[in-house]
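Residues annotated as N-acetylvaline in Swiss-Prot: Val1. The annotation domain 'Globin' is assigned in Swiss-Prot to 2-146 on the grounds of sequence analysis. Residues annotated as phosphoserine in Swiss-Prot: Ser44. The annotation N6-acetyllysine is assigned in Swiss-Prot to Lys59, Lys82, Lys144. The heme b binding site annotation in Swiss-Prot covers His63, His92. Summarising the annotation, Swiss-Prot assigns S-nitrosocysteine to Cys93 and lists similarity to another entry as the type of evidence.
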Amino acid sequence: VHLTGEEKSTVSALWGKVNVEEIGGEALGRLLVVYPWTQRFFDSFGDLSSPSAVFGNAKVKSHGKKVLDSFSNGMQHLDNLKGTFAKLSELHCDKLHVDPENFRLLGNVLVVVLARNFGKEFTPQVQAAYQKVVAGVATALAHKYH
């Protein structure tokens, strides 16, 4: 993903304020509620039958944090997202058989959650930079599929 120096500092500055547990749980929860077909990858998570069940589910929160911990690692390696996410791409492709479109959906949901949590601080310029990052991460995660 090509980010200018200014875009890199913009995304890094905001990311430094992100509570990965809180934001991760909300992002994964929203993905599961807004795109319910994604729930099939989380059969072991128990009750995902309603929005309140999803958002109250400890496994959703825990996995959301895990997802954002990986995303945080990617934020440290914006110039090498394919290399950073190579093993996760392989896992999601070969073992979990996740539709790569879901990575794009999760990235867009993450942008919504960041906007919701950071309000006025999440300017159109910040959003534009984050859209590039989540698109780059989605492409890197889908890399093994090609």
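Cβ coordinates are placed from backbone N, Cα and C, and glycine is handled just like the others.
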Recorded positions near the residue listed as 'phosphoserine' (Cα-Cα within 10 Å), from Val1, Lys59, His63, Lys82: Lys59
Lys59 (N6-acetyllysine) and the residue listed as 'N-acetylvaline', distance between Cα atoms, whole Å: 31
Nonlocal neighbours by CB distance (under 8 Å) for Lys59 (N6-acetyllysine), same chain, sequence gap 6 or more: Phe42, Ser44, Phe45, Gly46
Cβ contacts of His63 (heme b binding site) (under 8 Å, same chain, 6 or more positions away): Gly24, Leu28, Phe42, Phe45
Assigned conformation of Val1 (N-acetylvaline) - DSSP reduced to three states: coil
Residue with minimal Cβ packing [other Cβ atoms within 10 Å] among the modified residues Val1, Ser44, Lys82: Ser44
Mapped DSSP class for Lys82 (N6-acetyllysine), helix or strand or coil: helix
